[in-house]
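Taken from TrEMBL as is:
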- 98-192: domain 'Aminopeptidase N-like N-terminal' (DOMAIN)
- 231-443: domain 'Peptidase M1 membrane alanine aminopeptidase' (DOMAIN)
- 450-548: domain 'Peptidase M1 alanyl aminopeptidase Ig-like fold' (DOMAIN)
- 554-873: domain 'Peptidase M1 alanyl aminopeptidase C-terminal' (DOMAIN)
Amino acid sequence: MRSDIVRPVRLADYRPPDYLVDTVHLDIALDGAATRVVATLAVRPNPKGRSGAALELDGDALTFVRAEIDGAAPAPETYAAASDGFTLHRPPQRPFVLTIETRLDPASNTQLMGLYRTASCTCTQCEAEGFRRITYFLDRPDVLAVYTTRIEADKAEAPVLLANGNRIEAGDLPGGRHYAVWHDPFPKPSYLFAMVAGDLAHVADEFVTASGRRVRLEIHVEPGKEGRCAYAMDALKRSMRWDEEAFGREYDLDVFMIVAVSDFNMGAMENKGLNVFNDKYVLASPETATDLDYANIEAIIAHEYFHNWTGNRITCRDWFQLCLKEGLTVFRDQEFSSDQRSRAVKRIIDVRNLRSQQFAEDAGPLAHPVRPELYNEINNFYTATVYEKGAEVVRMLKALIGDAAFRAGMDLYFRRHDGEAVTIEDFIACFAETGGRDLGQFMLWYRQSGTPEVKATGQWDAKTRTYRLELAQTIPPTPGQPSKEPMVIPVRLGLVGASGDLPLRLAGRPFDGIVALTEPSRTYVFEGVRERPVPSLLRGFSAPVKLVHELEEADLLTLFERDSDPFNRWQAAQSYATGLILRAVRKPDLPIDARFVAAIGTFLDDARRDPAFAALTLTLPSETDIAREIGVNVDPDAIFAGRQALRGAIGRALHGQLMRLREELAGAGPYSPDAAGAGRRALRNAALYLACGSGRAEVLAAVARQFAAADNMTDRHAALSILTLSDVPEAEPALQSFYERYRDDPLVIDKWLMVQAQIPTTGTLDRVKRLMGHPAFSIGNPNRVRALIGAFCSGNPTQFNRADGEGFRFLAAVVLDIDGKNPQLAARLVSALRSWRSLEPVRREHAGAALRGLAEAPSLSRDVSDIVGRALA
Ligand code: ARG
Ligand code: ZN
C-alpha cells in the first residue's frame, strides 16, 4: 500500500496477459489472525501472450507459506515470493497446476479491501484490486476463471458461509468447525470474487424468471434487522423483472444473495451471485429511513443486479474501460427508476446531481475523460465522470441512433461478447452496426474531458416566418488536454409560442425535435414560424453540456409556464432563480425581483397536480450551483447570503400560501415509500423550508410540531434539518431528543451527525471536532466518517471554506489520520478540495497551503498522494 515511486498505468501500454487461469480452487480456513488460504490455480500459457515470460502474480500485504507446481515444491531459485507479489521465473510452457498457501488476518485489515472483519461477519471487497490481498493472482479483469470456494470456520462464530455461485457441499467438522463449498460455473475476473462468513440472519423469497426458472433470493443482515429488508427485496424482484422486459436479460444462477455489512467503502458491490452492500442501501423502515433513502436503495439494488449482465457476463478488458460497466449500468438503473417512478422527476434529480458532482469535477484539476488514459491509483477513478457522465454518454448514443437501433445494439453486444472482457470500442461497434453510422466522432465523448459549452443565438424573421438558430460549441482546456476537437452533441429542442409548442419544419421536412451538432458552429433555419417564439433548448438535458443562451427573464417565465418539456420548465425556474441569486450576491442591496416571486405564487396554485415536480421547482439552486456559475473568486459567504435573500423574499411574500399548500397535502393514510407519497412529502417540506425563510414564529412553531409529531423519518428529518440549519433555539432540544430516540441505530445517528455538520454558522467546526469524540462516532467506519466529516467538507460551503482556513486545516489533519488506516476513504475526503482554485484569493491561499502540507507529509498513501498531486498540478 505504501509506495514512494508511483508508476502510472497507461491505457496505451495494455498487453494481453502472458498466462491464463482457467480454474481457481480456493480453500479458506478462517482462524482469526492465522486465517489460511490455499489457492489452486490451473494455469496455462496464453497463446496471445509472450511465450516463455515469467509468471508474475500480484500480491498485497500477503504472508507467503508455501508453493507447489503440479504437486511438487519448486526449487527455491525458480520463484520469488514477497508480500506484494509472487514470481515464477520460468513457468512450464504447458498447462500446470500452481498451489500457493498464504496466511492473513482479516481483523487487522482496516483498508476494507480484500478479506476483512465487519460487525457480524468476515467479508470481502475485491474491486478493483482487493483479490491480491487474499491470494497471489493475475489480478486483472481480463483473466476469467471458474471459481470453487471452500470456506471453513468455527460454527458458532460463523454459522453462515457464503460464496459466489451455487452451494454444492456443506458439513460439520471436528472441533466445532464446519465448512461449505460453493461453485460458480460462470468464468469471472477476480474482482467479482466474494465470500462471507458470519452470524447473519436472512429473509428469503423467490423469483420465477421469464423462462420459468426458479431463483432463490436471500438478503443477509445482522440478526434483528430482518424486519428492514422488505423494501430491498421488493426492489430486487422489480429489478429482475425490469431487466427481462427492458433488455431481455434473465438471471442465470439458482440463487441471488445480498449481504448487508456496516463497514463498506462504497455503496455496494456486484460480486457474481453474492452482492455485498453497505447496509445503508439495504435496511429501511418508515421510522428509520427517509424517502431519499428508499429511492437510493431501489436504485442501488437495481444497479448491482443489472451488473450481472453489464459487468459480470460481459466485463472490462482493463480498468481504463471502467465506464463500460459503470456508465452503462448507471444508465440502466436510471432508466429503471424512471420507469418505476416519474421519468421527468428522475431526470431532474439526476441532472442536478450530475451538475453538482460531475460538472464540478470536470471544471477543476481532477478533470479526466470518461475513459481515462492514465492512472496512478485506480480506486480514485470511481468518479462522477466515469459513472454519471458515463451514463450520459450512453443516453446520448440512444438519442442519436434512436430507440430501436439502441435496443438492437444492446442485443448485439450481449450476443457477441457474452463471456468476454471487452473495450469501449467493442461496445460502440455494436451500435455503429445497428445504427448504420460512423461513431468515430462520438468516441470523443470517451476521450475528451471537460464540459462542452453550447452557445445559442436565435433570431425570428416575421417576413419569412423563419427562426434562425445558431449553435456554437467550445470545450474548455482541462489537465493534459489544452485543445479539443468538436464533439457530436445531440440537442433536443422546440420553439414555444403563445399557446405552446409550434409545429416546425427544418430543411423542408417536419422537424423531429432533435439536431446533432457536429461542427464548431452551425445555423439551423426553422420554417413556418408564425410568431416570435421562445426557444426551448437542450430538452430533457439531451447532452451533458453547459448551455449558454440569451433568454430574458420574460422568456424564462414563458418557458416556465408553457414549455411542453418538464425538464425545461424546471430549468427555466432554476435559471431565473440563479440569475436572481447572482444579482443578490453582486448587489446585496437591491430588492428581489417581484415578478419571480409572483410567478412562484401562481405556480403554487397548481402545485398539487404533480407534487414531486413542484417540490423540485421550489428547491432553490444550491450554494454549489451558484459557486459553479460564478466560477472564479468565489466567496461562499456572499453566496450564502444571496441565496438566503431570495429564500427570505419568497418566504415573506408567500408564507401563507406555502403553509396552506402544506396543510392541504397533509396525511393521506399511513406512510408508504412510493413515489406519490414521497412526492407529497417532498412538496410539503419544500414549502415549509421556503416559508421558514420568512422568519415568522408561527412557521417555526409548525416545524417544531412536525418534528415532534411525525410518524415517519422523512418528515421528522426534514423538520430537524430546518430547525438545525436555521440555528434557532428550538434546534438543540430537537437534536437532543433525536439522539435519545435513535441512539442505538447507527444509520439514523448518521443523519444526526450530518445535519450538525452542515450548520452554516461559525461554531460548527468546533462542534464537528467535539462530535468526533462522541461515542456515536468512529473514525474507522466509513459511514460515520462520511456523515460527519464528509458532510462538513462537502456539504457546508461557508464553514468548510472559512476565510481563516481552519476548515481546510481540519480536513488535512483528519485525512492524515485516516490515511494510515483506510487510504480509499481518505482520498475521497480530499476531493472536497477539488474546486479550491476557484475560491477568492484569501481562501485559495489557505486551501493551497493545506494541500501542500498534505503533499509534504511522510508516507502518504498512493490514493491520497495521487489526488493531492493532481489537485496541485
Ligand atoms: N462496482 C461497484 C459499483 O457497483 C463499485 C465498487 C468500487 N469499489 C472500489 N473500492 N473502488 O459501482
Ligand atoms: Zn456499478
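Heads up, the Cβ atoms here are built off N, Cα and C, so glycines get one too.
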- Determine which recorded stretch among 98-192, 450-548, 554-873 has the most C-beta pairs below 8 angstroms with the domain 'Peptidase M1 membrane alanine aminopeptidase' (231-443). 554-873
- Query: Helix, strand, coil residue numbers for the domain 'Peptidase M1 alanyl aminopeptidase Ig-like fold' (450-548) per DSSP?
  - Reply: 3 helix, 53 strand, 43 coil
- Task: List the helix, strand and coil residue totals of the domain 'Aminopeptidase N-like N-terminal' (98-192) as derived from DSSP.
- Result: 9 helix, 52 strand, 34 coil
- Task: For the domain 'Peptidase M1 alanyl aminopeptidase C-terminal' (554-873), would you mind checking the mean pLDDT of the predicted model?
- Result: 97
